[in-house]
């Protein structure tokens, strides 16, 4: 038996409570001695029986579906193995931590996040349909068809990644769960979209009844997001043929079209833009009520027998464009706000966007998609009950402002992000009084959870408390607008400009400065990020990092930084290649590693390390700049998970950052390797003319940038170590800095550095 399987021997199957007590007492042990058994009352639940102070206590482990488990109201875990691992570290409601287990048998592999590699997994990996067919004749193997491998994959996930339709069909016939999630939170549908297996996708939905609206717990993507990001146009077509919503939103607020645009899949963008919008199947006369409050809605639904799925929609008297869906489920009424942006995009909570209210109703009549049940029985108003209901509404009948056939676009051609409406128990009057002016305010992004229950410090949170913290910290170094004068523009970007200026310090000294400003149309969106960047920089003090002198609150808001005279390293590399020696490149590499080591110690991740963001003070000194994407990581965590969308520099990003939005010092190390490559190619674009999507595919197939002509073998080996697929096997910045400080290969750098001190 393998070491991995030995760790899973805590399961005792269908033993009774009394037998569990006898087994634990007979085996003996200290506090925290435990076993897991089946729950007699609930077939999908389990029971934790454990010893504490010579007594045996029992705790029901509730199965919440989707291989998720929890004890009472405690944390939710994917897999029993993750639940046990957690309670071995912290008691968190149990009388003590779990310690040793009473040896039983192998736990059910379908109830784990990380199981064992079975013969079925291996046969699927080898694409051997005959072996798979033979194995599925075994009743035990068939019963465990949803078992997870040591990598957290079901057999169906493996075959879907291969696009092996014959094996997929056999697995579905054997009862494979077409909506199960793997260790990365992806369903088989998301896997086939990732690998662009359109025929397999059709098979999963048509034969396996796969849930193609299921969201990834990591980023909130549905399969259409995955297909759009990968440029899998045929998969996009299949999903839309099954009436998938065109505009679901991720946790970042991105629609599939947004991702297609970000990853330069312009054929997918064009397809979305030209896809015909179907006429809605329902009419507002079937379910819309005017001048109706919550109590009135309840009375109408009670008179309509309160059948599950009965519903109506009522408009707000005070706030035009807002609606409330009142839905009956198990004799209770549920109220969901329906918001819209400029009477155009309608949505419930973090659900998809719809071009009209009837389109929203159509969707939820077909898919519950977060609601407690389908919309089934529309209840018309008294006025409309007296007239025949039209089978299909026309635009004139809608009596609602008709939106354009495609998403609203902002100046960048991107669909505008929409807010996350809170579910509330307030009265309708309170809701809409509070929201009356919200349409004029900047719309918030969707929240997403902090990883591993580790709270990111307030200073980097997006919420109101975090905003106030940022403002308070920034105001410690306020610079009056009257004390600065503006000079020439040094550079311009998507969100703002950098302007050379002079600051008259409180001591009366004139100091040359660089001032970062926002474009007028980016004021609302960018001010919070400016404050965030100011907060990050205010906590840093290092010779290899650009210093923040203060913040001018304006208007406009300005970040006032030290002026780094020679500008971006990228420009210098391209413009002055003949003047740059190998020792210069090595010196700069050592200084960048030194500055990043400092960030590593301060528990910051930069997230945008690139030659364009390294500035030259002089030929002998570089400084790391541009902390607009930088984030702190919480105590007890080594990584940060992105909460915001936007355009990411994919060419500089590690695979885990591209795929899962996970950033750490180790993802910064990957970017450091790309920056080294830029330096030794004198400013070449990483991956040349590849699109963002092609870069992702190149990396997944173990592709790496080639050695630059002017790069020593030893330095290229450092780059390759930075690009290891396993983040834990990449060097730390401390190790990188040590290499430049102690390795004989870089003796010339140390001599040069000592000479210029």
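Note: Cβ is positioned from N, Cα and C throughout, glycine not excepted.
Between the stretches 327-353, 354-380, 381-407, 408-434, Swiss-Prot puts its region 'Disordered' entry on 381-407. Check Swiss-Prot against the ranges 300-323, 444-467, 468-491 and you find region 'Disordered' recorded for 444-467.
Distant neighbours of the repeat 'ANK 4' (219-248): 186-187, 189-190, 192-198, 201-202, 205, 212-213, 254-257, 259-260, 262-263, 265, 267-268, 271-272, 275, 345, 350-354, 363, 366, 369, 407, 415, 446, 448, 660-661, 693, 696; these residues of the same chain sit at least 6 beyond its ends, with a Cβ under 8 Å from one of its Cβ atoms. In terms of DSSP secondary structure, the repeat 'ANK 5' (252-281) contains 16 helix, 0 strand, 14 coil.
For the domain 'SH2 2' (287-379), the DSSP counts in helix, strand and coil order read 20 helix, 32 strand, 41 coil.
Within 10 Å of the C-beta of residue 608 (active site, proton acceptor) there are 20 other C-beta atoms, taking all protein chains into account.
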